[in-house]
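Sharing a structure with you now.
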Amino acid sequence: MAHSTIMTSRGYEGRRCPPSKNAAGKKLLGNSDNCASLEVRSALDEAALPNALIVGVKKGGTRAVLEFIRIHPDVRALGTEPHFFDRNYDRGLEWYRGLMPRTLDSQITLEKTPSYFVTREAPRRISSMSHETKLIVVVRNPVTRAISDYTQTLSKKPDIPTFEELAFKNRSLGLVDTSWNAIRIGMYILHLENWLQYFRLSQMHFVSGERLITDPAGEMGRVQDFLGLKRIITDKHFYFNRTKGFPCLKKPESSSQPRCLGKSKGRTHVQIDQEVIEQLQEFYRPFNIKFYETVGQDFKWD
């Protein structure tokens with residue numbers, strides 16, 4: 001006799017249709033069309049807490065990773081940044097769950113909020129949700145990242161001080177202002193040490209923001225491996241947009257247009273004096289070296 005379980009999903013383990021009766025009054029197991037359709041709907045209608053997070057870093061390439069990975073059929077991703085583990089934690093896990101897309105057990109639920117990586121409480125809070133959460137961190141040359149961060153802020157607040165004024169306490173002495181967020185975010189090893197108090201390094205995957213531009217299929221192949229997914233996203237999904245200077249997704253069959261990131265992506269950076277760049281490279285070098293050693297990967301920023 002066939003089992004009457006239709007499919008299994010989160011919060012829906014082993015439920016069966018109640019017996020129905022035929023014209024003779026005999027019980028029939030699980031062949032009620034109405035019940036079956038209800039159970040299929042229920043199985044497809046479950047929002048789950050995420051089992052993977054893109055936690056950083058700001059201006060590293062997190063939006064690109066999200067847009068690229070969400071074309072995988074086994075990934076459902078939240079399009080907006082919920083900021084649950086930094087700004088909205090007091091709203092509770094059920095509020096957070098309610099934001100998530102509806103998924104099947106076979107699918108990965110994913111969200112991205114780049115500020116998590118530099119939020120001191122975030123690792124502990126995420127660990128409290130699940131010790132097994134997989135974490136993706138997109139990193140980029142910290143000097144380039146800082147300039148990109150400043151460029152974004154400048155586009156919204158044109159009256160802010162110059163990059164040099166914000167980056168240094170004393171330029172002539174080479175004293176970098178580490179209290180400025182644009183500088184502090186790029187001290188990756190300091191933030192990583194906090195995460196490693198709550199998560200194993202094997203639970204973290206580091207994406208190179210530079211290689212994401214030059215070899216998106218290769219970087220996304222490694223992301224798929226890390227998430228335990230079949231490598232479905234490959235070279236055939238990408239083309240290089242020479243105007244923007246980064247890869248875009250090729251036109252989906254259901255659309256007349258290819259998918260590129262928003263108009264603000266690929267924004268031209270402000271021009272920074274080469275001596276300033278060299279001073280910052282020197283400042284970041286020891287942090288970079290320790291970061292490379294800890295994660296076992298040389299990002300070649302120096």
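Quick reminder: no glycine exception, Cβ is built from N, Cα and C everywhere.
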To which of the residue ranges 1-24, 73-96, 121-144, 145-168 does TrEMBL assign the term region 'Disordered'?
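Of the candidate stretches, TrEMBL labels 1-24 as region 'Disordered'.
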Mind checking which of Cys35, Cys248 has the disulfide with Cys260 in TrEMBL?
Cys248
Ranking the disulfide-bonded residues Cys248, Cys260 by other Cβ atoms within 10 Å, which is at the bottom?
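Across Cys248, Cys260, these disulfide-bonded residues, the one with fewest Cβ atoms within 10 Å is Cys260.
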Rounded to the nearest angstrom, how far is the Cα of Cys260 (disulfide bond) from the Cα of Ser148 (3'-phosphoadenylyl sulfate binding site)?
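One finds 19 Å between the Cα atoms of these residues.
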Here the binding-site residues are Ser148, Thr268; which one has the lowest number of other Cβ atoms no more than 10 Å from its Cβ?
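Per-residue Cβ counts within 10 Å for the binding-site residues Ser148, Thr268 bottom out at Thr268.
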Quick one: of Lys59, Arg63, which of the binding-site residues has the smallest count of other CB atoms within 10 A?
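Per-residue Cβ counts within 10 Å for the binding-site residues Lys59, Arg63 bottom out at Arg63.
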If you draw a 10 Å sphere on the Cβ of Gly61 (3'-phosphoadenylyl sulfate binding site), how many other Cβ atoms land inside?
27
If I take the alpha carbons of Thr268 (3'-phosphoadenylyl sulfate binding site) and Cys260 (disulfide bond), what is the distance between them in whole Å?
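It is 16 Å, counting Cα to Cα.
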Measuring Cα to Cα, how many angstrom lie between Lys59 (3'-phosphoadenylyl sulfate binding site) and Cys248 (disulfide bond)?
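Approximately 17 Å lies between the Cα of Lys59 (3'-phosphoadenylyl sulfate binding site) and that of Cys248 (disulfide bond).
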